[in-house]
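Undergrad: Structure below; questions to follow.
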Amino acid sequence: MTPTLGQTILDHASALARFSDMEDGLTCAFLTPAHRATQAQLVKWMEDAGMQVRIDAIGNVIGRYAADPAVTEPKVLMTGSHFDTVRNGGRYDGRLGILLPIVVVHALNVAGIRLPYHFDIVGFAEEEGLRFKTSFLASSVLAGRFDEALLDREDADGITMRDALGAAAFPGAADPAALRAAAVDPATLAGFVEVHIEQGPVLLNRGLPLGIVTQIAGSSRFQVRVEGLASHAGTTPMDMRRDAATGAAEMTLLVESRCAQVPTLVGTVGQLQVPNGSSNVIPGACVFSMDIRAGEDGIREAAIADILAGIQSIAARRGLTATVDRVTPVNNAPCARWLMDQLGAVLKKRGLEAFELPSGAGHDAMMMQRITDVAMLFVRCGNGGISHNPLETITAEDAQLAAETFVDFLRHFRADRTN
Ligand code: GLV
Ligand code: MN
Ligand code: MN
């Protein structure tokens, strides 16, 4: 294998990072001009790598490296990750899991190596939920789990998903029947294996370049609207206020204290706003997001029950109302042992530790796990493991090792679940 695979992956990530919704950083929200430019670039790279490429009804870019023609009724091994980002995010979250396999396929194609199965790479159009506050939007289409009610959901500018998709004009975009038809037939799949930057410090602290994921923590997201009474900041005595923001602050602290009670539980209020607030007006409304995750669904659900009850009692005590809108929760997704073992075998053959770790971050593999067996290969995250941040980084050496390991995995892959 050419030693420049790793550097090519980093160069591609830099090239994609130039398509951004913001000037001094990387934001790539669903169906913005930057998102469309990213999508078009992925199509081109997949075609250059020797793949047949199509865009589905939600905007996923799907490239196929066709099986060796001598193989009858080949199965499909699928890989991929998302190309949207969080606001001011990193350039590897999601994109590494598209770019690495593209570069790998390019190398296989140049070497004239065909695989005994179709190898599909999916650039998932949306995973982060930035524009429409969804979760796993694009993979839900492929997994046949798309919630059609989402077509009416509006972004911050009041544009519905239906209109945004209609304007994008993918084949079948915004047509519920076409979105349903875009689901893959699970019977055709041999499995789904996603490569992703770890987004945490575990591999870095252990001095390991790669790791194998055991399970992906389940997550629940909410939007909470607290209503109080807007009134004069100078004339309303402290004991006569119905301040929505101080109520939301107490609710935020409740999320923190409840989630600190269990080591695998995490809770985050990542958005907190006083709509139309003024410095001299007591906040009449406050809206905030909650993101709650745990490796075990029961632990997450127990925390959610306590937090939702606590929010109502804080609201009642303060003379406020709190309305909670639940975004689709996703349960914990275990990875398949037979796929993990095949990844482990190739790591060991290279003299690397087959280190296993759970994922606290959500991934497209979670949704794909609803229809097929999944596994994930994590690549070490630099800079102390920081992610969802422009400081997110990987090295060319680690990308090279991950690419070579992935080649070994593909060349040894057996779909019959025996190792
Ligand atoms: C996706 O990045 C998530 O875990 O929120
Ligand atoms: Mn992310
Ligand atoms: Mn990601």
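Using N, Cα and C of the backbone, Cβ positions are placed for all residues, glycine too.
These numbers come from a predicted model, not from an experiment.
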Undergrad: Considering the Zn(2+) 2 binding residues ASP93, HIS388 given in TrEMBL, which of GLU126, GLU128, GLU356 is annotated for that site as well?
TA: GLU128
Undergrad: Need a hand: TrEMBL gives HIS82, ASP93 for Zn(2+) 1, which of HIS196, HIS232, HIS412 is also on that list?
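TA: TrEMBL lists HIS82, ASP93 binding Zn(2+) 1, and from HIS196, HIS232, HIS412 it also lists HIS196.
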Undergrad: Listing them in sequence order, which of the binding-site residues HIS82, GLU128, HIS196 have their Cα within 10 Å of that of ASN280 (allantoate binding site)?
TA: none
Undergrad: Give me the CA-CA distance between ASP93 (Zn(2+) 1 binding site) and ARG293 (allantoate binding site), in Å, as a whole number.
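TA: Here the two Cα atoms lie 19 Å apart.
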Undergrad: Counting every protein chain present, what is the number of Cβ atoms, excluding its own, within 10 Å of the Cβ of ASP93 (Zn(2+) 1 binding site)?
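TA: Within a 10 Å radius of the Cβ of ASP93 (Zn(2+) 1 binding site) lie 27 other Cβ atoms.
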Undergrad: Is any of ASP93, GLU128, ARG221, HIS388 (binding-site residues) within Cβ reach of ligand 3, i.e. under 6 A, and which?
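TA: Only ASP93 meet the Cβ criterion.
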